[in-house]
Amino acid sequence: MQTVHTRAALAAALDPWRRAGERIALVPTMGNLHAGHLALVRRARAEADRVVATIFVNPLQFDRPEDLAAYPRTLEADAAALAGAGVDLLFAPAEQEVYPRGRDGVTRVEVPGLGDELEGAHRPGHFIGVATVVCKLFAMTRPDVAVFGEKDFQQLLIIRTMNADLDLGVRVLSEPTVREPDGLAMSSRNGYLGPEDRARAPALHAALRALAGALERGERDFPALEQAARSQIEAAGLRPEYVSLRRRQDLDLPGPGDRELVILAAAWCGPARLIDNLPVDLPPSG
């Protein structure tokens, strides 16, 4: 695996692959990798001739400077994991390389509506930062395919919408959430959990499963089911921010005829803010 740190070196590495007509897949990350990231690499490996991974802790998507400063930087271990998973090229730029005019002056990309609620309401500006950096990474690498995880479901839809609206031409694929044996969604932020909080954390996924089970049994009072899930999360010692049942295709509120839904939730577990989601297919009525 080759590692490059500048846009010029990235372009030089990509050029012969493009001239040879090879398909290129992109896996963007912020590092501090876990098994979920490596699942994205495996999918990319199956979809393309060459796999490019990026590691960039994007300052535009952090709400608080202290969170940006505290985010783990584990480049050496991450590079070894990516090489072992079959990545051909790692792009690990400094902030100045991605935002040469500085983060304050950069042109920003916004997906209105979809980026304003749920995670967007609790983390103002977060999705503008995500869309901006992904748009720049797409422009710098010009991949045929990019792979993202479904754990960040709202982010996935925002990236797909941006890609379509701006005619970027990238095939955006997704991989299911990878979980610990007790159901906790794998996340770089799980490292913030102490032993007691780690023991409580699976309650978030358990509440989503309970809500999904109620839907599959035919219950349809969505607000009451959401409140029951919030109460279950609180009873486990977590602090829920939201539990919301949405239409899977666009995160609109579901109507009577909608069957492909997703439950989205966020909760604080000690110092860690956890997010999770669970797709649900309602049985046909009648």
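Placed from the backbone N, Cα and C atoms, the Cβ positions cover glycine too.
Record features (Swiss-Prot):
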ACT_SITE  His37  active site, proton donor
BINDING   30-37, 149-152, Val178, 186-189  ATP binding site
BINDING   Gln61  beta-alanine binding site
BINDING   Gln61, Gln155  (R)-pantoate binding site
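For the pair Val178 (ATP binding site) and Gln155 ((R)-pantoate binding site), the Cα-Cα distance reads 16 Å.
Distance noted between the C-alpha atoms of His37 (active site, proton donor) and Gln61 (beta-alanine binding site) is 19 Å. The 10 Å shell around the Cβ of Met30 (ATP binding site) contains 19 further Cβ atoms across the protein chains shown.
In this structure, of the binding-site residues Gln61, Gln155, Ser188, the smallest number of CB atoms within 10 A of the CB marks Ser188. Taking the Cα atom of each, the residue listed as 'beta-alanine binding site' and Met30 (ATP binding site) are about 11 angstrom apart. DSSP assigns Glu150 (ATP binding site) to coil in the three-state reduction, outside any helix or strand. Every protein chain considered, the tally of other Cβ atoms within 10 Å of the Cβ of Gly36 (ATP binding site) stands at 20.
In the three-state DSSP scheme, Val178 (ATP binding site) falls into the coil class. There are 17 other Cβ atoms within 10 Å of the Cβ belonging to Glu150 (ATP binding site). A coil conformation is recorded for Met30 (ATP binding site) in the three-state DSSP classification, outside any helix or strand. Fewest Cβ neighbours within 10 Å among the binding-site residues Leu33, Val178: this applies to Val178.
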